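See structure below.
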Amino acid sequence: MNPESRYLQELIIAELGVPAAFDVDTEVEQRVEFLADRLRRTGATAYVLGISGGVDSATAGRLCQLAVERVRAEGGQATFVAMRLPYGVQADEADAQRSLEFIKPDETLAVDVKPATDAMVEAVRHSGLGDREDFHVGNIKARQRMVAQYLVAGARGGLVVGTDHAAEAVMGFFTKYGDGACDLTPLSGLSKRRVRAVGEWLGASPEITGKVPTADLETNNPGVPDEAVLGVTYDEIDSFLEGHDVDEKAAGTIIATHRRTAHKRAVPLAFN
Ligand SMILES: Nc1ncnc2c1ncn2[C@@H]1O[C@H](COP(=O)(O)OP(=O)(O)OC[C@H]2O[C@@H]([n+]3cccc(C(=O)O)c3)[C@H](O)[C@@H]2O)[C@@H](O)[C@H]1O
Ligand SMILES: Nc1ncnc2c1ncn2[C@@H]1O[C@H](COP(=O)(O)OP(=O)(O)OP(=O)(O)O)[C@@H](O)[C@H]1O
Ligand SMILES: [Mg+2]
């Protein structure tokens with residue numbers, strides 16, 4: 001990597017809070033405590049999180065369940081609500097069920113986001129949806145998931161948990177105000193392989209930790225691997241975030257994508 005890429009890599013690592021060292025025992029303990037402490041400090045009585053079948057939500061979900069159990073053991077009141085949020089029938093529903101068996105959430109709530117998504121798309125259709133309708137509708141699915149989670153959080157006095165981590169954050173690979181909207185993010189600062197390591201430490205099976213990451217947002221093309229869209233592999237992203245040398249082309253893609261998606265990691269641009 002050239003000196004400019006190296007310099008930008010260091011800035012990105014600092015911005016996203018990726019530690020040089022990684023000890024999985026410590027990470028799990030600190031992240032469970034982070035979640036437990038937020039409940040104690042805010043008085044919130046529930047965590048709410050969508051469980052897709054992917055490794056991120058399986059890992060974050062198990063951390064949430066451990067945190068609410070910790071708070072209850074101290075005499076507090078806290079529940080974890082795992083939400084299944086399919087768009088109609090989900091092709092990899094079996095993976096989602098496997099995640100739920102691993103997490104053992106206090107409560108599981110299933111809400112189909114298809115009717116709300118379709119109703120919104122049809123209500124807007126007359127204004128024109130352009131030639132990437134399936135892509136744009138995918139982002140509406142992510143936002144309908146957000147709406148459902150906030151409705152449940154509001155009704156239960158709970159907080160919405162997000163699964164953003166450093167490998168997604170650096171690429172801006174989330175829907176703005178969709179899965180990107182949440183109250184706290186227990187996986188922050190982790191590369192994708194470190195998320196997998198945390199999941200594995202927590203006891204997730206290889207089917208869960210080894211599942212090919214997918215945003216799974218397109219109706220006509222379910223389960224598109226993230227890596228087919230990102231233009232770089234998670235291995236390259238992870239190595240970059242962990243401070244290693246990656247090839248110049250991959251570094252260039254990561255740096256350019258990070259710059260282009262800065263608005264997604266920021267609060268709305270305000271006058272002045
Ligand atoms: N320069 C700028 N300053 C301020 N705001 C700006 C902006 N450029 C666009 N925007 C706004 O941002 C919007 C575009 O952002 P957004 O709506 O997010 O849409 P966009 O970034 O185009 O698409 C979301 C991407 O994230 C991926 N994704 C989504 C959800 C989950 C996952 C996953 O891994 O599971 C991945 C998805 O596959 C897709 O590639 C624009 O419509 C505009 O409103
Ligand atoms: N079908 C779904 N049901 C419930 N929640 C979902 C669904 N799809 C996405 N989500 C939520 O949106 C988040 C972002 O999706 P993302 O694909 O990044 O994570 P993941 O599916 O958990 O893991 P991976 O990135 O490895 O696929 C998920 O972690 C989950 O909280
Ligand atoms: Mg996924």
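Backbone N, Cα and C atoms are what each Cβ position is placed from, and that goes for glycine too.
With a cut-off of 8 Å between CB atoms and residues at least 6 apart in sequence, the same chain places L85, A96, S99, D216 near S52 (ATP binding site), listed in sequence order. What TrEMBL lists as ATP binding site is G50, I51, S52, G53, G54, V55, D56, S57, T163, K192, T214.
Annotation comment: TrEMBL describes D56, E168 as Mg(2+) binding site. Around the Cβ of E168 (Mg(2+) binding site), the same chain contributes D56, F174, each under 8 angstroms and 6 or more positions distant in sequence.
Marked as deamido-NAD(+) binding site by TrEMBL: R143, K176, D183, H263, K264. Its own atom aside, the Cβ of R143 (deamido-NAD(+) binding site) has 21 Cβ atoms within 10 angstroms in the protein chains shown. Under DSSP, R143 (deamido-NAD(+) binding site) is assigned to a helix (H, G or I) in the three-state scheme.
In the predicted model, the domain 'NAD/GMP synthase' (28-268) shows an average pLDDT of 98. Positions annotated as domain 'NAD/GMP synthase' by TrEMBL: 28-268.
Other Cβ atoms within 10 Å of the Cβ of D56 (ATP binding site), summed over all protein chains shown, number 24.
When the binding-site residues G50, G54, T163 are compared by Cα distance to K176 (deamido-NAD(+) binding site), the shortest distance belongs to T163.
With respect to K264 (deamido-NAD(+) binding site), the closest of these binding-site residues in Cα terms is T163, chosen from G50, G54, T163, T214. Among the binding-site residues listed (G50, D56, T214, H263), H263 have a CB atom closer than 6 Å to some atom of ligand 1, in sequence order.
Here the binding-site residues are T163, T214; the one with the fewest Cβ atoms within 10 Å of its Cβ is T214.
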